[in-house]
Amino acid sequence: MPMWAGGVGSPRRGMAPASTDDLFARKLRQPARPPLTPHTFEPRPVRGPLLRSGSDAGEARPPTPASPRARAHSHEEASRPAATSTRLFTDPLALLGLPAEEPEPAFPPVLEPRWFAHYDVQSLLFDWAPRSQGMGSHSEASSGTLASAEDQAASSDLLHGAPGFVCELGGEGELGLGGPASPPVPPALPNAAVSILEEPQNRTSAYSLEHADLGAGYYRKYFYGKEHQNFFGMDESLGPVAVSLRREEKEGSGGGTLHSYRVIVRTTQLRTLRGTISEDALPPGPPRGLSPRKLLEHVAPQLSPSCLRLGSASPKVPRTLLTLDEQVLSFQRKVGILYCRAGQGSEEEMYNNQEAGPAFMQFLTLLGDVVRLKGFESYRAQLDTKTDSTGTHSLYTTYQDHEIMFHVSTMLPYTPNNQQQLLRKRHIGNDIVTIVFQEPGSKPFCPTTIRSHFQHVFLVVRAHTPCTPHTTYRVAVSRTQDTPAFGPALPAGGGPFAANADFRAFLLAKALNGEQAAGHARQFHAMATRTRQQYLQDLATNEVTTTSLDSASRFGLPSLGGRRRAAPRGPGAELQAAGSLVWGVRAAPGARVAAGAQASGPEGIEVPCLLGISAEALVLVAPRDGRVVFNCACRDVLAWTFSEQQLDLYHGRGEAITLRFDGSPGQAVGEVVARLQLVSRGCETRELALPRDGQGRLGFEVDAEGFVTHVERFTFAETAGLRPGARLLRVCGQTLPSLRPEAAAQLLRSAPKVCVTVLPPDESGRPRRSFSELYTLSLQEPSRRGAPDPVQDEVQGVTLLPTTKQLLHLCLQDGGSPPGPGDLAEERTEFLHSQNSLSPRSSLSDEAPVLPNTTPDLLLATTAKPSVPSADSETPLTQDRPGSPSGSEDKGNPAPELRASFLPRTLSLRNSISRIMSEAGSGTLEDEWQAISEIASTCNTILESLSREGQPIPESGDPKGTPKSDAEPEPGNLSEKVSHLESMLRKLQEDLQKEKADRAALEEEVRSLRHNNRRLQAESESAATRLLLASKQLGSPTADLA
């Protein structure tokens, strides 16, 4: 059951029935007896360092007076809130002891100004609410989810549950929109790893780093070292604030310049407003730009302009702002490691292990490198590198640009007479993440055995069959209740993991993500807020001038006044911003129910979210707990279906989400559709109702992926507009990925009237695929990792002669081809033209964000090498279908005709034919021309395959894997690459036609020569006969004539 606040299964809090004289009602509403408060030896703080969130989605709850850190020496429990609000007596459900009906979730508010383009996710969550009395807002800190009783009581042979802690034993998945889901596969990012929205955030490793505020480098990238203005002050409601402004300009179409403003607003909350607003979205101003006051009145109307003063020109100011913004960024981490022998389980037993056993040493060797501390110059994590007072050696490693120093219990100094081993606990007890290594036979670990307020995450690792070639490990995780979940997700049962580099990467990523996630806990959130407030107060007090915001307006913002300003881009120009534009929506998974039916279950729950769409990504952020609940790249958007206040968005493999909008009907939906047309390659779907004919047939065929492979002529399907290459997204109201192929086939066979949502093919008739699908197809091509295979002997029943196969082999692999574009860059499939030639892209001006070419080559990824032909088995080329001479293609198993179709490289076809003919001296002229005819048939097969279906074409790669020279020209984008392929195919057809014409001319010339030869031979014989007769008549000897 999903853990959304206000959803089904979420108890209503903060409401209490009004007082009444009804004894039955009073008895029914009598609260449970409060638990007894035991004595504790710990001092009771005024505000506990670790306060839990108040709902499944991080809803704020009044702080409990008791410390939630329940350890072995303190058994106190969190008390109930002292006061609750009232509920009306007329609520009948309350009288029966049933939960009250939850109100419909409200649409989250969107920050003004409307067209401010946010740089990252945390900027979307920036709040102008006045600062709280304590150190930071509770809702901002409580990004973790409240653990249920089942999570706290979950136990295994590795880990025991405890109050105040969440246990992860494996199989939990990633919590997203609609509940837990399987972890995403590359190139998709986990929700917790999404940070920057304005720029592409590529997944470079199998395990992503999560909960990192990568947008903290915004000031360093766009302000530091560049001309800008800083303003500091003390706002009455917000406290100390720091504002940075910079005006940017870039070339526009027609030679003009386009201006925008980059803005950073910092308050005492840890979230910072970062982003850009176009000058077209602002009121008209002078050529040198708006004044800082006018700009802030529009961007930050909640900020009091009178409190701001211009920052000083001291070099300390930008350095302090860098430190302030990047305090959350750290690439040096320390992790503790405790050693638990067989039969052990308590803290004292683990700290008092003097020497490491063989299994522990095997684990340490896998995890990192043992380094000598004395003289060690890298990150030392508070260890002594001069006098060896903290041990002589330690464990050190690097992972994804992070330095990690491990505090290993057996490598730290051992004190014989100290049972608590304070010299060891002084380091490990201050580590946020602790790895507990268990030998086989260890007792289950319980987090309450560790007495520390800093250790928030425990990674329990147990070895199985250690010190053998078959060593494996299992992993369990225990985290404090206010620490949000983090990845990588554990497999079911926590393993097993083989002792290899993949397990090392998994464990290191888990440790880094755990420490980053623990930063959202109350204790560390309060510490970071105090530090931030001190920096802001210092800037507002000591680093300001007497120049007010009004006085600074006459200086203007930096601009090159000599350039001509571009003409306004008209309505909708603000939609072309590279950053993320925001709308308030209610989102739900896209499993559509029948009209009039009531949605139920996890997929029927609507979650209030902020919808952010940038030039690179689309995200849904739950503002209540500050989590990204859904994300996808804009290149993965397939299509959308919209009405006045609802939009169904299809992405990836055809999955769908439903978004509902507030406000004027059609306004927000129109803005979102216009934005999607600019930043994605998707299009609008079509809804078709397809009746059956008299024989009960629908008149079309689809494959397992939902692509229409054949539409019969003069059927209802053809009349409705269904065409080959279209893609079914919904069948009878259900998304295709949510249906098994058998279930989808049953619906198509049995439904009286089939209603389908169709994604039409592109303008060339090719089916549309998302980038993730293309990436997955590239990973599924085993031939890309090996040597190229020989050409198959048959293509559609045509037997190739040896000279023909030699020609194809030379065209494919000959390294002596003349110079030209790179080998791999020339091989392109026409079906990928659908990813680049959509009509909505034509409306995008030059200033619109363009997807950078930072991803693997899609065309190479979908081009497979030929496979080795099997001598004893052959795959049928096509499957028979009614009314068609050729069958539909199986997408899961590409037809051999595609695997045997090859595109020649830069080697000229005419030169190849001439060279082969010169070498094939034993063959007759007719055999040589027959070989050329077979080549023409093969090339026609290629063209027919491309025009009939958009399947990936087998890649004819270089067997030697020779890298492409940088000096060789290469098409710049997909459209150029596809155009290059089309021109190459046209040239191939022209060469074939010319060769046929040359053959016909040559045959005609041969026939003429033979005719002339026979005529000359006859004339010669006739002349010889006449000469013989003449010589006889003259008396000449015949021997001379003979």
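Don't overthink the numbers, they just go from 1 along the chain as shown.
Using the three backbone atoms N, Cα and C, a Cβ is placed for every residue, glycine included.
Annotated compositional bias 'Polar residues' per Swiss-Prot: 134-146, in sequence order.
Per Swiss-Prot, compositional bias 'Low complexity' is recorded for 832-845.
What Swiss-Prot lists as domain 'Rap-GAP' is 321-539.
Broken down with DSSP, the domain 'PDZ' (687-763) shows 18 helix, 27 strand, 32 coil. Sequence annotations record features per position, and here Swiss-Prot assigns domain 'PDZ' to 687-763 based on sequence analysis.
Sequence annotations record features per position, and here Swiss-Prot assigns phosphothreonine to THR64.
Annotation comment: Swiss-Prot describes SER67 (among others) as phosphoserine, evidence class a large-scale study or a structure entry.
Residues annotated as phosphoserine in Swiss-Prot: SER182 (among others). Long-range Cβ contacts of SER182 (phosphoserine) within its own chain (separation 6+, distance under 8 Å): GLY173, GLU174.
SER304 (phosphoserine) falls outside any helix or strand according to DSSP and counts as coil. Long-range Cβ proximity for SER304 (phosphoserine), meaning a same-chain Cβ under 8 A and a gap of 6 or more residues, is found for GLY233, ASP235, GLU236. For SER304 (among others), the entry in Swiss-Prot reads phosphoserine, with the evidence type a large-scale study or a structure entry.
Cβ neighbour count for SER314 (phosphoserine) (all protein chains, 10 Å cutoff from its Cβ): 11. Per Swiss-Prot, phosphoserine is recorded for SER314 (among others), and the stated evidence type is a large-scale study or a structure entry.
Marked as phosphoserine by Swiss-Prot: SER817 (among others).
Taken from Swiss-Prot, the feature phosphoserine applies to SER839 (among others), supported by a large-scale study or a structure entry.
According to Swiss-Prot, the feature phosphoserine maps to SER912 (among others), an assignment based on a large-scale study or a structure entry.
The feature region 'Disordered' is assigned by Swiss-Prot to 1-87 (among others).
What Swiss-Prot records for 132-153 (among others) is region 'Disordered'.
The feature region 'Disordered' is assigned by Swiss-Prot to 830-903 (among others).
According to Swiss-Prot, the region 'Disordered' annotation covers 946-980 (among others).
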